[in-house]
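*Asks:* Sharing the record's features from TrEMBL:
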DISULFID  CYS34-CYS188  disulfide bond
DISULFID  CYS56-CYS60  disulfide bond
SIGNAL    1-27  signal peptide
Amino acid sequence: MGVHECPAWLWLLLSLLSLPLGLPVLGAPPRLICDSRVLERYLLEAKEAENITTGCAEHCSLNENITVPDTKVNFYAWKRMEVRQQAVEVWQGLALLSEAVLRGQALLVNSSQPWEPLQLHVDKAVSGLRSLTTLLRALGAQKEAISPPDAASAAPLRTITADTFRKLFRVYSNFLRGKLKLYTGEACRTGDR
């Protein structure tokens, strides 16, 4: 093996180590998100964040309503969508969710006494969403989401509001488990053909 050659498992390990930092994964395989273990790691972090807020009232109010993507999925309609349409919905949802978590982070930082465990999970969510954005770009989701042929007929993104960190993290967790997982599964399958 030459000096610049690395086995695929080493690239995966190095990529996974850089993901929690929210850094772009340079030199990573472009379809890293197609490895189910990668998405599962983000799902676990999202679920942990949701669980930390269980029973939390005092520190977990956002003190305002934040718009987040609606995570409900009509599986019949989703299966009939083209991958490009799915990409649009996922990309828009991810962008809105990222904005919402960043807004939650700002509200938490500006609160009189931020609860440290909550701050840690909000910071992890910000980092995780940045990494997921990078991974989706590598998969080509952004290219598919830009100017789809039927953009005029595309339905606007459905939204709901979150007024607590618990609801914000539940939306985060559900979005990853639902639309993001469905989209990446389909995009990875069609890309393998």
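Any Cβ shown, glycine's included, is placed from N, Cα and C.
Describe the structural context of each listed feature in the structure shown, including burial, neighbouring residues and relevant distances.
*Replies:* Its Cβ placed at the centre, CYS60 (disulfide bond) has 20 other Cβ atoms within 10 Å.
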*Asks:* Compute the C-alpha separation of CYS188 (disulfide bond) from CYS60 (disulfide bond), stating it in Å without decimals.
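*Replies:* About 37 Å separates the two Cα atoms.
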*Asks:* Between CYS56 (disulfide bond) and CYS34 (disulfide bond), how far is it from one CA atom to the other, in Å?
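*Replies:* Taking the Cα atoms only, CYS56 (disulfide bond) lies 35 Å from CYS34 (disulfide bond).
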*Asks:* Rounded to an integer, what is the Cα-Cα distance in Å between CYS34 (disulfide bond) and CYS60 (disulfide bond)?
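*Replies:* So the Cα of CYS60 (disulfide bond) lies 34 Å away from that of CYS34 (disulfide bond).
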